[in-house]
Amino acid sequence: MNTTRLRLIKDHLLAENQCSDMATLQGSPLTTHVLNTGEGIPGARMALSLHRLDSHLAVWNLLTTGTTNADGRCPDLINREAFIPGMYKIRFETGQYFEGLGQTSFYPYVEIVFTITDPTQKFHLPLLLSRFSYSTYRGS
C-alpha cells in the first residue's frame, strides 16, 4: 500500500512542470498544489485564500479566494499586474477539507507566509499534508 501512495505522490510531483507551464501561459506568477500525503491523493476541493500584508497598518488584506481543483491545484491565484513586492500568505482551510473526508485534523488551517522581492519570477508553493503534519517548499 505504501508503494502505491508513493507512486501517486511522485506522479503528481512530476506533473507540476506541465502545470507550471500552463499557469505561466495564463499569466499567473503564483501557483499552489496540495497533496494529501496521508492518503496518497490530491488535496481536491480545499478552500484557500491569498493575502498581502499592509506594512504601514500591519494588517493582512484579502486579495482572492479559491478552491483547489480535482488535482489539488489552484493555478490562478493572482495576475502579474497585482503581484508586487511584499509579504504574502496563503491560508489553506485544512480542517474543513478533512471534515469533508469524514476525518478530523490536528490543524484547523495552515498559513504559509512568504516574502516576494522579485515579482517577475514564477513561484510555486506546494502544501504536503496529512491529518497530523504538513510541509511546504518553494518550487518554480
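Keep in mind that glycine also has a Cβ here, set from the backbone N, Cα and C atoms.
As annotated by TrEMBL, substrate binding site applies to His33, Arg73, Tyr137.
If you look up TrEMBL, you'll see 26-139 marked as domain 'Transthyretin/hydroxyisourate hydrolase'.
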Provide the three-state DSSP residue tally for the domain 'Transthyretin/hydroxyisourate hydrolase' (26-139): helix first, then strand, then coil.
10 helix, 53 strand, 51 coil
Work through the binding-site residues one by one (His33, Arg73, Tyr137) and point out the residue whose CB has the fewest other CB atoms within 10 angstroms.
Tyr137
